[in-house]
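Peer 1: Okay, so Swiss-Prot annotates it like this:
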{"type": "TOPO_DOM", "residues": "1-23", "note": "topological domain 'Mitochondrial intermembrane'"}
{"type": "REPEAT", "residues": "22-114", "note": "repeat 'Solcar 1'"}
{"type": "TRANSMEM", "residues": "24-53", "note": "transmembrane segment"}
{"type": "TRANSMEM", "residues": "91-115", "note": "transmembrane segment"}
{"type": "TOPO_DOM", "residues": "116-125", "note": "topological domain 'Mitochondrial intermembrane'"}
{"type": "TRANSMEM", "residues": "126-146", "note": "transmembrane segment"}
{"type": "TRANSMEM", "residues": "195-215", "note": "transmembrane segment"}
{"type": "TOPO_DOM", "residues": "216-226", "note": "topological domain 'Mitochondrial intermembrane'"}
{"type": "REPEAT", "residues": "224-311", "note": "repeat 'Solcar 3'"}
{"type": "TRANSMEM", "residues": "227-247", "note": "transmembrane segment"}
{"type": "TRANSMEM", "residues": "288-305", "note": "transmembrane segment"}
{"type": "TOPO_DOM", "residues": "306-323", "note": "topological domain 'Mitochondrial intermembrane'"}
């Protein structure tokens, strides 16, 4: 009987450790702010990458008018659509990216608590490493289920090359979602979702898992110099982006079909096969170099996230710093 109070107190502490609303909210804020800042910075590169990926499936871009590469795309966008068109779809992208990245980071830490409970890094290194991979992949897949319609709309808005309102396919985020939902139903907003889940797990598993693992091996992760953290994050985002890029290309091609009377691809597998047969393996990586440049923004997100969490004094037992 005398040991009852301490036991209840311990159970209460464990329960709080599994979900702390305050730290969870701060985690969302830290990840969201970092994501919004970096995404706005690399928006022009983001749009170039997107156009290079989907131009072969776009009804607005004829074969002879397709962009020849990154430089050609960068030069023609302001000339044909206006300078501000570099940021076309950026507002939708920020709206999408804020909850996406914030949920990724927040859930990742919660998944780490579940996957890594009782795991000793020194004695069970590979189990610890796999737990990092699993937490990153699970976080990405979970958040994708919530924000996929926004990602879909952002893709369609970014791929819209009309110069004036009368030439544009969609007037904005709301118009895009309403038109697709009206023509194809809610299912139309989830076109390419299956391959997206596959790609996001591959990307997030390496993105979060490798970053946490490398930082966790440093003597004092909390005291790591900003440039060292940025270099680690840059390598991680570059490798993760290249590894998952074919999945990203296919999912965006599938997104371009919603609302169209004629479908170019019957499904994900058919899309993979036709791209390979008709355009070659290089088509899967079209715009990949711009994606590497864009990855600088992703690396900045990881580093800013750690710094913002430090400023907010967040300590939830499993941060991106690899504590």
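Note that Cβ sites are derived from N, Cα and C of the backbone, with glycine treated the same way.
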Peer 1: How about the transmembrane segment (195-215) and the transmembrane segment (24-53): at least 3 CB pairs under 8 Å, pairs 6 or more apart in sequence, or not?
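Peer 2: No, since the transmembrane segment (195-215) and the transmembrane segment (24-53) share fewer than 3 Cβ pairs closer than 8 Å, they do not count as touching.
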Peer 1: How about long-range neighbours of the transmembrane segment (126-146): same chain, 6 or more residues beyond its ends, C-beta under 8 Å?
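Peer 2: Contacts of the transmembrane segment (126-146) (Cβ under 8 Å, skipping residues fewer than 6 from its ends): 99-100, 103-105, 107-109, 111-112, 114-116, 119-120, 193, 196-197, 200-210, 212-213, 216.
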Peer 1: Which bits of the chain, at least 6 residues beyond where the topological domain 'Mitochondrial intermembrane' (116-125) starts or stops, bring a Cβ under 8 A of a Cβ in it?
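Peer 2: Contacts with the topological domain 'Mitochondrial intermembrane' (116-125): 131-132, 135, 216, 318.
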Peer 1: Could you tell me how many residues in the repeat 'Solcar 3' (224-311) are helical, how many are strand and how many are coil under DSSP?
Peer 2: 71 helix, 0 strand, 17 coil
